[in-house]
């Protein structure tokens, strides 16, 4: 299967479930990230794919923990490309950490030599705090800009402020002296489009004209957003969180966190939110913050030259993104820890907290909503909750879990089908159609016409004496003599019943449109739509419980708390709990979600209802599938991501997964001191694999180390240019001491400095459960399989992902505990327990066949889907 390029950036087109060819539109814009097929790409596999001379890899002794030598010690001057990774590769965490430790030791050893070296040492020590400070400042500033622009453009669909074109509807009427309390949103300065075009403020003609202009602006914003994404930054589409999770796990996607992506995502996020589509800006703000962190990390050599250290900055940036999205700095840190980060040391926790603090401070200084809060829907409740309310809270949790399970399955099914339908081939057309349907259906209903954040604010808000919403149209007690904050429960009026019907229609509309909107080719977050669905359901349940308690206050469950004239039920609290439950059902977040919602409300007493609802939604959702929406999209797109939350419960061994298989060509290896430069060059030229185990000799087959193809190519070319006497017949030596050679022999080439002397190895009888844990916790790219110190094969991250996918399709029953202790032979052994006569299984062939076999390479999966 061919790999196609997207703007010369290396998009890989196929996943497990998609092998359809793409049209021109799809090539330009394929989804919430690219569709990466780790069967054909070089994402994480050192022994697969094309490793041409232009490919870049980090060159730090292959991750050897004990060695202090470098390839650069062998060479006189640095070579361009050394120290970087190619696109769609996975970083080697062990090598990167070793490189950082060596850099740190080198700086410490020189800091006492001079004042300049001491200054450099201090700069290096403080660079981590400087980069997260800059990231927090930029994230807060961009979030404030996005909030202000999105509010203005959202109101632009309904009208314009003649006195100041840059004011939104609310700001336009702030300074008006002709605004009444009952009609606070009407003022002479604000003109609807019907008033401007046809001169009518009321009547059917005015309604139709406003309807037409609403649809026109919605389509214009959506079309402009998708065109900007398509032309300038295809990576700017989608939420970005699945890709951020994959990048933080060590995957390289060049350009995904670049300056063009940042610029276009910032602009198109405003347009997408203003178009009225069922999406939010909170998820994409995490992507925006990570772009800022990535860009600023290039100002500091400590992070620009080390991919593992750079991911510490990205973890802090994701915390800053959630901090400005929800006004929840602590929740942002927990979100980064729980949901997106793969490697989260303690110092990253501190820096994430500081970045979230700085970002929240900047956003608070900008005050985009004019309410001295970081979010539009900040609320405070003054009424306590009662024990009997746990039952409806748990029911809301069940609803959230069911909604999450339904949404994940429906959205993934539609995204998978999108690849084979005309919508998938023409993403611009899809966005226009979805925007048109959304605008046409949303305008007649006042709750769907509202900006989603404003809708959540109205649903969260408790009914006080100054509220004029139809949700607060209760029949008042005529005997009330004064206005108080806590109004007692009252019978619902006609406005409340009318609002309930409109909310039910809005709930159905939001559920359907969110399924089809998430994943289209514009920036689209999922937090706000999910919270809106939960808030609608929660408000309906809250009103129902409130009326039940009012009319049946003598029931035993209400009798103790809900006396006549008491303020017993708070419907807004139910909306908040429902919002948390639905968001938890979709994302499967728990601790961070509770803290985020707690910071939104500012009340400690509501943590227990939130915890009950969120945990219930997670349990119900997990009953239908343990994957959250982001993990599901990662798997759909074929990203090389090993989820640490996923349990491995199967009974396979390392020998069942390693390559080569029984029917594969044998494993090609390098010997310690028996091969010439020409032999290695022929092996490199005739194969396209990226690494070779090094053994002692053909007879012993004992493992010495592991050499990367890129290292070999650079070292040999440099030696030919800079060392005299290196020819094709020169002996290549990976050993510490050069063997004795005849006097007439050419000069040997010593390559021990590029050899990884401590590659990770497991035995052929190691359970795959342990192997998977090793790959997850150490971030390995490959692991050699041995038997009594003799190399049998290799396991790569790609092999593990393929194996996990196969096991999901063919689930095997759990074996008894003694299964692992039972003597089992790998597939490379015969029924009698003796090694098969194959080169890669340490038994030599006859001399006539030896040359043919040694030229073979490890054969991983062909370019076909599973």
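Any Cβ shown, glycine's included, is placed from N, Cα and C.
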**Study point:** Stretch carrying transmembrane segment according to TrEMBL (options 256-277, 344-365, 454-475)
**Key:** 256-277
**Study point:** Annotated range (TrEMBL: transmembrane segment) out of 499-520, 609-630, 631-652, 653-674
**Key:** 499-520
Exercise for review: With TrEMBL as the source, identify the stretch among 386-408, 685-707, 708-730, 731-753 annotated transmembrane segment.
Suggested key: 386-408
Revision key, fill the gap. Which range is transmembrane segment per TrEMBL? Of 532-553, 774-795, 796-817, it is 532-553
Point to revise | From 188-212, 313-337, the residue range that TrEMBL assigns the feature transmembrane segment | key: 313-337
**Study point:** Proximity of the transmembrane segment (313-337) to the transmembrane segment (532-553), 3+ C-beta pairs under 8 angstroms
**Key:** no
Revision key, fill the gap. Long-range Cβ contacts under 8 Å made by the transmembrane segment (532-553), restricted to residues 6 or more beyond its ends, are 389, 392, 395-396, 399-400, 403, 447, 452, 455-456, 459-460, 471, 489-492, 496, 500, 503-504, 506-507, 510-511, 514, 559, 562-564, 568-583
Review point. Given the transmembrane segment (428-447), which of the listed stretches 214-236, 386-408, 499-520, 573-598 has the most Cβ pairs that are under 8 Å apart from it?
Key: 214-236
Check your understanding: Can you say which of 126-150, 214-236, 256-277, 573-598 has the most Cβ pairs under 8 Å with the transmembrane segment (386-408)?
Key -> 573-598
Study note, to complete from the structure: Checking 126-150, 214-236, 256-277, 499-520 against the transmembrane segment (284-301) for Cβ pairs under 8 Å, the most are found for 126-150
Point to revise | Same-chain residues near the transmembrane segment (499-520), Cβ under 8 Å, at least 6 residues beyond its ends | key: 31-32, 226, 237-239, 277-279, 403, 407, 410-411, 414-415, 418, 427, 430-431, 434, 437-438, 441-442, 445-448, 455, 469-471, 473, 526, 529-530, 532-533, 536-537, 539-540, 543, 629, 633
